[in-house]
Amino acid sequence: MNIYAVGGAIRDELLGVPVQDRDYVVVGATPEQMTAQGFRPVGKDFPVFLHPQTQEEYALARTERKTAAGYHGFQFHYAPDVTLDEDLARRDLTINAMAREVSPEGALVGPVIDPFDGQADLRARVFRHVSDAFVEDPVRILRIARFAARFADFTVADETLALMRRMVDAGEIDALVPERVWQEIARGLMEAKPSRMFAVLRDCGALARIVPEVDALWGVPQRADYHPEVDTGVHVMMVVDYAAKQGYSLAVRFAALTHDLGKGTTPADVLPRHVGHESRSVELLKPLCERLRVPNESRDLALVVAREHGNLHRVMEMGAAALVRLFERSDALRKPARFAELLQACESDARGRLGLDAQPYPQAERLRVALAAARSVDAGAIARGIGNDTEKIKEAVHRARVQAVAQALAIGE
């Protein structure tokens, strides 16, 4: 039997970027031969094995045939006579359909095996499908979009984009389960240039099907004195890219993506103003998170950011009492780490605007100082001094926090 390193590892090696994961294909072997050599079977739909020492995945060479809609609708064929070229032919993109042989010692040996000219597409910075079988797996639309966020200088080949549009028009994208959609969006958000993912999804029509709330933002104008970029969709992409550039968490990046959803439903007769868009954003965000099964950490931060980002931008005008009420609404007193992420998302919002990516955001430091002062109040000591009257305790603690914030910032209550 022969072992080959395939896919992303070869692509990344040729691009000169760090190889994160290695996938291996075994040609000429049976499952019984693999287990006899100590490999542990883990695949459900087709034979995948873990190496006894490295725990890396090794899959038997296989072909696949579409049998039903969606990305689960495949029948796999694996046998010792399946060739490497046949295995590579089922892959999505030419740049992922390359291989190199692996020696018994585990080293890569020999030339790059490249039956579909993936190296030429790497040099041209092009995402190109291997064959028309690309249309059989709708996940590939999301994967190309995610790759675009990682390799921002690549473009999608015209013929590949045409196939993606056909898949969307045929309803293939609608067969994806929510968890897989979220998984790919989340991975794309964590890449260097998330806006490229959404550009590709918009270009093929997929974004309107999987996250219509975000797709609706393009073409919606904002006031140019606040938003020189004007277009809401452009603004949101700038915010997400700023958050990515700063290395912020997935929760912050998702909050950046969804903070202005309500602007997509602003009545046309009041544009470019967006009074009340924060509450509309919250109402759109709740079902979106439920539909995509967004994890609680990302959902909860996104809801707070959507509701409060306008208030955070205005904190320089707030008195101490208003600041404490903001802390109470956002649960900052109990969850200061999440409040720090709220600040990151709002800073990204302020700087994700044309020509304003380096503008000062003094609101963040003011809120950090104010929150530290509010949290310094000993609520337990106040409670012990009052007794069992819950309402009196609550009022006294609130007053003490207001006074502490006023003193720390040298402002009125």
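In case you wondered, yes, glycine gets a Cβ from its N, Cα and C as well.
Copied from Swiss-Prot, the annotated features are:
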- Gly8, Arg11, Arg91, Arg143, Arg146: CTP binding site (BINDING)
- Gly8, Arg11, Arg91, Arg143, Arg146: ATP binding site (BINDING)
- Asp21, Asp23: Mg(2+) binding site (BINDING)
- 232-333: domain 'HD' (DOMAIN)
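In sequence order, Ala5, Val6, Gly7, Gly8, Ala9, Glu57, Ala59 are the residues near Asp23 (Mg(2+) binding site), counting only same-chain partners six or more apart with C-beta under 8 A. In sequence order, Gly8, Ala9 are the residues near Asp21 (Mg(2+) binding site), counting only same-chain partners six or more apart with C-beta under 8 A.
For Arg11 (CTP binding site), the Cβ neighbour count at a 10 Å cut-off comes to 23, with all displayed protein chains included. Other than the site residues Gly8, Arg11, Arg91, Arg143, Arg146, same-chain residues with C-beta atoms no more than 8 angstroms from the centre of those residues' C-beta atoms, the CTP site, are Gly7, Asp92, Leu93, Ile95, Asn96, Phe147. Long-range C-beta contacts of Arg143 (CTP binding site), restricted to its own chain and to partners at least six residues apart, with a cutoff below 8 Å, comprise Asp92, Glu184. Here the binding residues for CTP are Gly8, Arg11, Arg91, Arg143, Arg146. Their largest Cα to Cα distance works out to 16 Å.
Arg11 (CTP binding site) falls within a helical segment according to DSSP.
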